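Worksheet: the structure to be examined is printed underneath.
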């Protein structure tokens, strides 16, 4: 226990300013501030010693790529190395906080296990949140991504890194278990022993040097050393590359959440966050390190396809967008595109739909979910398909064609009183003229018109047997889109759908119907 506690005491807690000066033409120098630097002197309210706390603002230039969060973490990795070189590193998002003081002890149990510690690169805790409303209307819990999938991968080589709540071995960032990649400076080696106190001028000078924006030029940082560059989802990409090098990971899921974080409370923020993830995932999926090629060769087919399952998530936009418009437009023109109810093939469609939804609901509820949250989850899956997945795929495509430059939008976690109240009540927050709301509203209007138009057509003697599937599909979408109709017509608060968005969507719905009506029927 004494050795464990000494190892725990060596963990350095640091704060890094990711984007200081990013909007200025001036070059800002690296800044390192020792906030708490005397272990044993600074104590918390219970009388326990506080760890080191260092504020780091890395140097950045508009003429040199800073690689967003990945670059910030690598700067922090180097600064912490020259100051303490602690063997264990914890990464947390700015909105996360510790919820269980026993968490470091759980981690030390894994890293101290002689049977696995030579291959275990990181211990991943599930990302959990506080403040979720009762039904989690935006499906921010991401139960599959943060719980169901990691549990399955834990039986193989371990879960992927999800960006926060993760304890890394410092050694993992310098090559595979059997292939060490040496850094440029001996002070950055994971086995280097720091002999001077962090207050020493030589240590501070070295810290400023490794935080310089030019330090990574012509080096292995971001490619073979540290967090990996090449994707907006550097957490997913780094965990993937580390496991391709031979490292394994462990999923630790205690009953008491180790860490808790905040979630965005507006639909626009949720969709922007998902769009950023979509672009980053596609960058991995179609890179030379694609999980279906490089990953399968490096990790085996099962782990490779586990990562591919996530990497290709955004292409759900293709079938979801098609199913949101094509059957409904055909229904408005009385054209049947699915098997008739009396046809044997109809039962295959019914079985696939009901079976897939029943299995998904069962797994969700068995993993401590509720039916109401599952319903929100499947609704947001469809909404993301015609918004964030679609826009993320378009942004990735235009980037590949050199038409648009890659951007980075931060997810707002700032709380607004009225927005918080509406979120707690389970009311969707629109309120802004987001381009992503246009296809969403257009799909809702098209499905509403198609549903009632189909019912009227059947009442007047239409082919109910042939159009049943399309009527059912349109009705199912209408039920899921009720919050959108409410925001467009019934609500008067600031979170309602902007009138401009409603008008544009109505015009587009009319244009689609007109175009479909003039399309020759085969």
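Using the three backbone atoms N, Cα and C, a Cβ is placed for every residue, glycine included.
Nobody curates TrEMBL annotations by hand; they come from automatic prediction.
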Annotated transmembrane segment segment (source TrEMBL; candidates 280-301, 346-367, 412-433): 346-367
Local Cβ density at residue 93 (Mn(2+) binding site) - other Cβ atoms counted within 10 Å: 18
Cβ atoms near residue 69 (Mn(2+) binding site) (within 10 Å, other residues, all chains): 20
Non-local residues, at least 6 beyond the ends, that sit with Cβ under 8 Å of the transmembrane segment (346-367): 143, 147-148, 338-340, 373-374, 377-378, 469
